[in-house]
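Undergrad: Submitted below is the structure of interest, expressed as structure tokens.
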Amino acid sequence: MAEGSSSFLDDPCLSPSSKKQPGGWRAVKYILANETFEKLASMSLVANMTVYLKTKYNMEGVLLVNVINIWSGTSSFMSIGGALISDMFLGRYLMLLYSSISSLLGMMILTLTAVVPKLRPPTCIGQINCIDPNLWQLSILYAGLTLMAIGAGGIRPCNIAFGADQFNTTTKEGRSQLESFFNWWYFSFTFALVIALTAVVYIQTNISWVIGFAIPTSCLLVSIVIFVIGHHAYIIMKPQGSVFVDLVKVITAATRKHRLDCSRCSFYDPDFHPRTKKLRCLEKAAVIANQNELDEDGKPKNGWRLCSIQQVENLKLLLAMMPVCLAGIGCFMTMDQQTTIGILQAIQSNNVLPSGFKIPPGWMGLSPMIALSIWISTYEILWVLQTKRLTGKAKRLTMTQRINIGLISAMACSIVASFIEKKRRTAALKHGSFKSPMSILMLLPQFALSGLVEAFAAVAIMEYLTTQLPESMRTVAGAIFFISLSMASYLNSMLINIVHKTTKKGGKTSWLGGHNLNNGKLENFYYLAASIEALNFLYFNLYARRFIATSCTINKESKEDQHNNEDQI
């Protein structure tokens, strides 16, 4: 964008929706209100979906975990499609609107399943001889979840970006306003999350699922209305293409020229971008095979046959980050296990306090949040400030150190969960009851460790992706993070299915126990998960960690070269 406020508004990429000056806080107030209600709606359903499927659909453990993991993974993976469609065709405003409508339809279907008893199997009394849901009942449920996944795929990559579009970041004031917007966005997100995980989850579990689902559905409807009302105040950016397509172009062009001998070839390099030594095979995408590939202005006639060195190096940089992302997937699997299997443990634990108050199993999801908040506060206030006071320079944990602590926390989470589960199951069998007399509060350590995995590994990996990629590829950073979350969900589902089929051979009871965890040996699954995390720890330290330094070096060289070119100009 050009510098200055007036030229910012005259940018042909912008489509002002009113004669008044669009954008700024005038637009953001609608966006933040919309975001608050949308997050309150979505998180209210996500946070307690495991409990709903277990108690109202009588789903046994393996099916339930598969449904939640596939739904969660698909929601994350569809973010890539949402980003592509937004950047290339619809733009962020229409993408957010259509996606919100899709989510609303999905929520309405789920609310309908709570309202109409025939859409669910009969209530399971005493957890004995539970009737499984029919195919048509599951079809209706899956239709609702699918619409919500499609909606999430469009909302996630666009919500923050659409808010950022409202500020002119070419000015100091615009950058300051954007930073303030991010703070308010995270505040609204946290506020909605706390309300969803406390009040709404309590209503769903202890009062009424109908009311508990009607609240988030109504909130999303309010969110859409607010979003549409603010249309006149928005700066609406027109679609400008996607960086994802550039990456595919490099692969396509390199494949087409894979037999080309480029020992004496010239490259298309208008930006004088430095070439790195690794993955030289991709550089064939930038080889000028003949001058007919360039037009009169010296630009490629066909971007699918000839790419620039900068496009090639961007793909190299992205590929160099994949080993670290693979280590992150292992951590995310541990986090996923607590949101599904951990909640199943909570359902079969004693949730009644001595005062008579019943703790909703979904409230266990607050523990990771609290642990994450405590760590960040302790780290930023005590560690960073104290080291700065003592040494004159703030000392922070390196990215490698934080990822390692996250990996260790993931191992500890699974080990602690195995010990707690064995104690819970033993107590339940001793008393001959579906619910163990062990207090639900005994599960807090494993959920807290799951929060530390997020605080250390997940945050560090997101920072790694965001800071090491060029500014033009920040969208890709978010996409890769969502793909990692998606892969973790799918791999978790695959692992559970393999364990289930393997351990039930010979007429034995599966480790996962079917409808009743007390019949299985879930602690063995946690031991297996801890072993996988140990292998992941070795993989990261013996192989993947070197790529943190590699990508940092490549990015540093790229930035230095860019500054040198700017100085020459």
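Using N, Cα and C of the backbone, Cβ positions are placed for all residues, glycine too.
TrEMBL feature annotations, pasted as is:
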REGION    1-22  region 'Disordered'
TRANSMEM  63-86  transmembrane segment
TRANSMEM  93-115  transmembrane segment
TRANSMEM  135-155  transmembrane segment
TRANSMEM  184-203  transmembrane segment
TRANSMEM  209-230  transmembrane segment
TRANSMEM  315-335  transmembrane segment
TRANSMEM  363-382  transmembrane segment
TRANSMEM  403-420  transmembrane segment
TRANSMEM  440-465  transmembrane segment
TRANSMEM  477-499  transmembrane segment
TRANSMEM  525-544  transmembrane segment
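For each feature listed, report its degree of burial, its nearest neighbours and the pertinent distances within the displayed model.
TA: If you look at the transmembrane segment (63-86), the same-chain residues 6 or more away from its ends with a CB under 8 A from one of its CBs are 46, 49-50, 53-54, 92, 95, 99, 145-146, 148-150, 152-158, 239, 242, 244-245, 336, 339-341, 344, 475, 478-479, 482-483, 485-490, 492-493, 496-497, 512.
Long-range contacts of the transmembrane segment (135-155) within the same chain, counting only residues at least 6 positions beyond its ends with a Cβ under 8 Å from a Cβ of the stretch, are 38, 42, 45, 57, 67, 71, 74-75, 77-82, 85-86, 95-96, 98-110, 112-113, 119-121.
Counting only same-chain residues 6+ beyond the ends of the transmembrane segment (209-230), those with a CB under 8 A from a CB of the stretch are 27, 29-31, 33-38, 40-42, 44-45, 48, 52, 56, 96-97, 100-101, 103-104, 107-108, 110-111, 114-115, 196, 200-201, 203.
Counting same-chain residues at least six beyond the ends of the transmembrane segment (363-382), those with a Cβ under 8 angstroms from any Cβ of the stretch are 47, 193-194, 197-198, 201-202, 335, 338-339, 342-343, 346, 397, 440, 443-444, 447-452, 454-456.
Under 8 Å from some Cβ of the transmembrane segment (440-465) lie the Cβ atoms of residues 321, 324-325, 328, 331-332, 334-335, 338, 342, 345-346, 349-351, 359, 361, 364-365, 367-372, 375-376, 399, 402-403, 405-407, 409-410, 412-413, 416-417, 420, 423-424, 477-478, 480-481, 484, 548, 551, all in the same chain and six or more residues away from its ends.
Listed as Cβ neighbours of the transmembrane segment (525-544) (distance under 8 Å, sequence separation of 6 or more from its ends, same chain) are residues 323-324, 326-327, 330-331, 333-334, 337, 341, 403-404, 407-408, 410-411, 414-415, 417-418, 421, 495-496, 499, 511-512.
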Undergrad: Which bits of the chain, at least 6 residues beyond where the transmembrane segment (315-335) starts or stops, bring a Cβ under 8 A of a Cβ in it?
TA: 247, 250-251, 276, 278-279, 282, 368, 403, 406-407, 410, 413-414, 450, 453-454, 457-458, 461, 464-465, 468-470, 473, 476, 480, 484-485, 487-489, 491-492, 495, 529, 532-533, 536, 539-540, 543-545, 547-548, 550-551, 554-555, 558
